[in-house]
């Protein structure tokens, strides 16, 4: 066998000092639009904004009052926890979207329809969860969770009415957009 032949060194090529770059209109628009983040403090002064903050604060009360008990022994409270935590997280998400005016940067999304579907589903599922919560509260002598469950039931109904109000305002907004 013959020993391998070492690779031949190629002569160094002169390097070009010219750099050509191209930019698409998408990347130019993206970099220009994401450079500043708007903040809409006036949203918190509107009725939907006040309702959304109320949903967040009272929704937090609903699931923390239940989470501090032995809810896992009762499957009905698992459903209430799911609805309360799920819609609490999504409501915080939508509050951030509305406060930072992100919806103006993503015009492809029909935000009025999204808001209507979100608030409508939150109203229906929270109503079911509030009824389940209220019907599951029992005053057993050995049950020390009664006060927490009763309070969570009360706040669940208040949050349900807040979502109903936001559903109404979302419907009005959606209807005014579809008539234009």
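Cβ atoms here come from the backbone N, Cα and C positions, even for glycine.
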Among 11-33, 149-171, TrEMBL marks as transmembrane the stretch 149-171
Counting only residues at least 6 beyond its ends, the same-chain positions whose CB falls under 8 A of a CB in the transmembrane segment (109-129) are 55, 79-80, 83-84, 87, 90-91, 94, 103, 156, 159-160, 163-164, 166-167, 170-171, 173-174, 177
